[in-house]
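For A:112-325, the entry in TrEMBL reads domain 'ABC transmembrane type-1'. The transmembrane segment annotation in TrEMBL covers A:6-29, A:41-67, A:116-137, A:149-169, A:195-221, A:242-264, A:306-329.
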C-alpha cells in the first residue's frame, strides 16, 4: 500500500503542472470560443498538427518537384539554377537499359536492379514464411500467446540493432560459421561475398519483419467462421483441399494487404541493409534509398537535384503500388457484395 | 520429463500424430532458436572480453582465464593446468611465453621457474562476465550523451505527437466544418509518403527554419503522424455526441470538453499510439543520420552505427551498447506486447 501511495503521489506531482497549464489555457480559449464560435475552435484544434504537417510533409512533397529540376550543390531552392528535365535525362541516359554499365548514372540502375530483385525475393519469402507461421499459430496449440510473441519479438527491434546482431553472427568467426564448422560444413565469409551478402539482407529483413505480417494473417485466419471447417470435416475433405478451397479464398483480403504492404516497405529498404553491409561488397547490396541518401548527402560530389529526381521516381513506383492496392481492395469489396 | 513429454504431445480429440503435428512442432521449436537465438547470442557475447570474442570456435558462455597474483610479479598471471613429465596434473601461473615454450611458476612456490611446452598446458577457465564492456563506454565515451539524446527525442516527440494528434483528431471527429473531408483525405493520402521520398527537400526545409543539427530538427518532422491522427479519430468517432452536448449544457468550454471528456475516454487509443510512438522514435535512424552532424547530438542509433563503421571496430563495446539500446524496446515488448499485437491486428499500423 505504501509504495502505491508514493507512486500515485509522484504521478500527482508530475501531472500537477500539466493540469495547471490546461486550466490556465481555458481562459483565453473561452474568449477565443466566444469570438469565433465552434468553427474557430475547430481551427484551433487542427492548427498545431496541420502546421507541422504542412511544413514538414506537404511543403517538402511539393518542392521536391522543383528541386529535381535544379542543379548545383546549393541547399536553398532560391540559390539553385533551373535546368528543367536534365536530372531526369541524366538518370535515364542509358545505352542499354538491361546493362547498368552502359548508363551514365550506373549506380542508379544498379540500385534499381538490386531493389527490384530484393523486392521480388523478399516479398515472396516473407509471404510464404508468414503464411506458414500464421497457419501454425492458428492451430490448437498450447501457449499460443507465447508462440506468437516468439515470432513477433524482432519486429520492435531497431534496424540498427538488427543489423549489428546479424553482422556479429555472420562475421568470419561468428556463430553461423561456428555451427557450420560443428556439423562439418564449409564456413564462408558471408558479408564479403556478393551473392551471400544479398541473401543476408533478404533473410535478415524477413527475420525482422515477418512477425508483423504473421499477425495480420493470423487475424484474418481467426475471422474465418469455424463451422465452415466443421462442415468440411464432416464431408471428409482432405486438408490440402480445405486450405485451397476455404482458407485461401477467405484469407485473400488479408493476404493482399500483406503482399502490398510488404512490397511498399521492401521498395524502401535501407536501415538494416545499410548497417549490415553498407551496400557492399562493391555495389551488390546498394538499394534505392541508400542511393538517394548517398547522392544527396553522403558523397563528396553531392547532387541534391539528382537525389530529388531519383526520389520522385521511387515515389512514382510507390504510388503505382498503392493504386494497385486500392484497386484490389475495391475489387474485393465488390466481390464481397456479390456474395 | 515425462510430464513435459505428455504436455507436448497432448492433442485435442485424442487422435494420433500426423505429419502436420510434427511439422508444427519442428517449426515452433526452430522458431524459438531462430527468433530468440540471435538476441541471446548478442547478450552472451556482450559479456565476453576482447580476447574471448576473437576466439574460434567461440564458447557459449562468456569465459575468462583465471588469474592470480603471485609474489614477486606486479601484474596478475594467468593460470594454466599443465601435464607434467611425470604424468601428474599441476596448476601453474604463466610468467611469459617465448615461442613454443612457456615460462611458468607454481603460485605457492614462486621462486622456481618451470619451462613448459605450450602444447602441454591448457588455460584454467571459468564463467566470467566482462561487465567493463558496459561500464567503460557509459563512463568514458559519448555514449551517455547519445542515450540522453535518444531519451529526450523519444519523450518529447511522443508528448507532442499525443497532444497535436489528439487535438486534430478531436476536430476531425466531433466538429462539422467546410473542408473537413478534404483535410482527412490529405492526411490519409500522405500515409503512403515515406521519408525517403522527401528526404532532400525536407532537409532544406529543416535548414530554412533553423533546425538543422538540433534535436528539435529530429523531433518536429516526425510528430504530425498521419497514422496517429487516423487511429485516434477512428476511436473518437465511437464516443457518443450526447456526452459532449450534456457538457455544453453545463457551460463547459470546448477546451474543457477536449480536456476533461475526450482525452480520458480516448485513453486506450492514446496508450496504443504512445507505445508505437516510443518504439518508432527510439528506433529512427535515417532521419537523425541526415539531420545531425555534431557528434554530441547523435542519438543512440546513429552513434552505434558510427562506432560500427569505424576502421577498428571495437566489438566488445558495440555489442554491450547494442544490448543497452535494445533494453527499452524489450521492456515495451514484455509488458505491452498484448496492446501492440491487438493494435496491429486491428488497424494494420506499424
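A Cβ is built for glycine as well, from the same backbone N, Cα and C atoms used for every other residue.
How buried are the listed features, and what sits near them?
When Cβ-Cβ distances below 8 Å are used as the criterion, the transmembrane segment (A:149-169) is approached by residues 133, 137, 175-176, 191, 200, 204, 207-212, 214-215, 270-276 of the same chain, each at least six residues removed from its ends.
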Relative to the transmembrane segment (A:116-137), which of A:6-29, A:41-67, A:242-264, A:306-329 accounts for the most Cβ pairs at distances under 8 Å?
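Stretch with the highest Cβ contact count: A:242-264.
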So what's near the transmembrane segment (A:306-329) in sequence-distant terms, Cβ-Cβ under 8 Å and 6+ beyond its ends?
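Hits for the transmembrane segment (A:306-329): 64-65, 67-68, 87-88, 90-91, 105, 108, 253, 256-257, 260, 263-264, 267-268, 288-289, 291-293, 295-297.
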The transmembrane segment (A:6-29): which same-chain residues, six or more beyond its ends, come within Cβ distance under 8 Å?
41, 44
By a Cβ-Cβ criterion of under 8 Å, what residues six or more beyond either terminus of the transmembrane segment (A:41-67) are in contact with it?
29, 32-33, 77, 80, 304-305, 308, 311-312, 315
Same chain, outside the transmembrane segment (A:242-264) by at least 6, Cβ under 8 Å from its Cβ: which residues?
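That would be 119, 122-123, 126-127, 130-131, 135, 209, 213, 216-217, 219-221, 224, 228-229, 232, 318, 321-322, 324-325, 328-329, 332.
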